[in-house]
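Participant: Quick one: structure below, then a few questions.
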Amino acid sequence: MVKLSAEDLNDYLNPGVACVKPVKVQKKQDNQQNIKVNGESYYEVTKDTGEVEELGIASISLNDCLACSGCITSAESVLINLQSYHEVLKFVNAKEADDFFILQMSPQARASLAAYYNLSVQEVQLWIQSVFTNELKFNVVVDTGFSREISLRQAAIEFCQSWVAANAAKTVYNSKSGEVAPKPLPVLSSSCPGWICYVEKTHSSLIPHISTVRSPQQVAGRLLKDWFSYQLGISRKKIWVLSLMPCFDKKLEASRNDFVNEQVRDVDCVITPKELVELLKTKNISPQSMDLDSLSISEQTPCLPSWYEPVQFEQQNGSSSGGYLHYIMTFAAKALFDINDLTNRINVSQKNADMIEYELTSPDTGETLLRMATCYGFRNIQNLVRNVGRKSAPRRGRVLLKRMKNMSTSPSTGTGKQKLDYVEVMACPGGCINGGGQLPPPESSADFSGISREWMRQVEAHYFQPGVRQVDNAAVDAAVEHWLPSYSLQQSILHTKYHAVQNDTENPVALANTW
């Protein structure tokens with residue numbers, strides 16, 4: 001059993017008081033009202049005939065969490081109970097000969113395991129690959145590096161088209177990837193499911209600002225199921241995709257109905273490094289029990305397309321949350337203003353460790369061309385909301401939307417400071433590298449208490465240890481066109497939609513439970 005506590009998780013959430021997603025009640029006739037209790041079971045007894053029927057157990061699904069406004073994002077305890085490593089073991093034990101199992105691992109989760117076991121990320125990749133292919137019967141183990149490059153590329157194209165539409169200015173930008181529906185500025189990142197749930201449940205007026213690009217997890221899940229289903233000639237139902245991710249809300253993301261194709265989810269199950277360690281303990285598996293030198297990355301990944309890079313150790317420049325801001329800033333500087341060298345062109349303003357602003361200045365006039373920010377942790381997200389208005393939730397959303405529109409389209413203020421064009425938003429303080437599912441320091445590390453900033457920096461050092469890389473835009477475009485030859489397919493599969501969750505304003509418990 002995985003045990004969680006407030007000090008283990010960032011922004012830890014118990015199920016809300018209003019977490020009472022109603023179970024459908026079947027109306028009974030007057031002669032069917034008696035309830036009989038026997039041990040741990042409950043039975044309904046018909047008065048006239050004496051017929052006994054065992055009552056089912058009421059339960060809450062992940063879809064219920066997505067449709068309920070009782071919690072701000074989700075309750076980690078619910079996520080653990082409904083999608084855990086026990087599910088992995090159940091499917092592994094039930095695997096049939098024609099089933100095809102895939103593990104996709106995020107670089108942040110890999111770095112967490114590397115720091116925890118004092119290994120390099122390369123050694124962790126080899127170890128996890130060996131465990132899952134040899135011990136757990138998985139067919140393929142990949143990371144989400146390549147799918148992240150697809151997401152970054154799509155997000156940059158979306159931003160540039162939105163910026164041009166909002167500014168109605170002539171630039172050197174010429175998109176060869178079709179036209180996407182422009183977003184009002186600032187464009188807000190969408191790879192963090194905790195942030196997305198927060199917007200959908202409490203500030204739905206901001207949905208038009210949210211990037212529609214799928215996260216790397218969902219891009220990879222769809223791509224891998226499509227490819228192996230076609231390549232192996234098997235149904236998507238026979239392909240089971242497991243994700244190893246740094247946060248629990250990724251379980252919710254995988255459960256969204258938007259990510260279902262042919263009644264099959266693109267990602268079937270999500271676990272975190274904490275849960276993986278518990279799984280390995282049940283099988284008495286540790287890195288020390290394996291000869292890592294005898295393993296090779298190239299020994300697996302059968303049938304993968306030649307254009308799909310299964311493992312990327314080098315990371316993109318920028319944040320350890322995927323580098324969205326850095327990539328989009330670099331891409332937009334070239335695409336919009338024909339600026340190739342950003343050296344001495346970026347002014348950085350740090351409000352706190354989790355709120356940093358970046359300004360791109362003109363090499364000729366010194367004026368601000370683009371202004372972007374990273375915003376991590378609900379404290380900063382709440383501050384953003386509080387600075388705009390503190391009325392009712394719908395009112396706050398409308399005021400915030402109006403203010404943000406004015407911010408993005410109005411000329412510079414008297415101080416010459418331009419308003420934000422793009423924000424990389426993550427729910428966890430420190431971003432994805434400090435996700436709630438990441439491992440704490442080993443018990444032998446007495447210098448740390450909980451997940452501290454120092455420990456987070458150590459995990460981040462492992463994340464960037466192999467070095468940095470630039471996205472090969474031409475290779476990514478070629479891969480996308482090979483996989484999705486038409487623009488309509490690209491829009492359908494690489495983008496998604498968001499949905500406002502109706503607040504139960506007539507429920508006094510729900511009203512009292514607002515954040």
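Glycine is treated like the rest: Cβ placed from N, Cα and C.
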Participant: Out of Cys247, Cys269, Cys375, which does Swiss-Prot tie to the same [4Fe-4S] cluster 2 site as Cys192, Cys428, Cys432?
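Facilitator: The record-listed residue among the candidates is Cys247.
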Participant: For Cys192 ([4Fe-4S] cluster 2 binding site), list the number of other Cβ atoms lying within 10 Å of its Cβ atom.
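Facilitator: I get 27 for this one.
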Participant: May I ask you to report the DSSP-based helix, strand or coil state of Cys432 ([4Fe-4S] cluster 2 binding site)?
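Facilitator: The residue in question, Cys432 ([4Fe-4S] cluster 2 binding site), is helix (DSSP, three-state).
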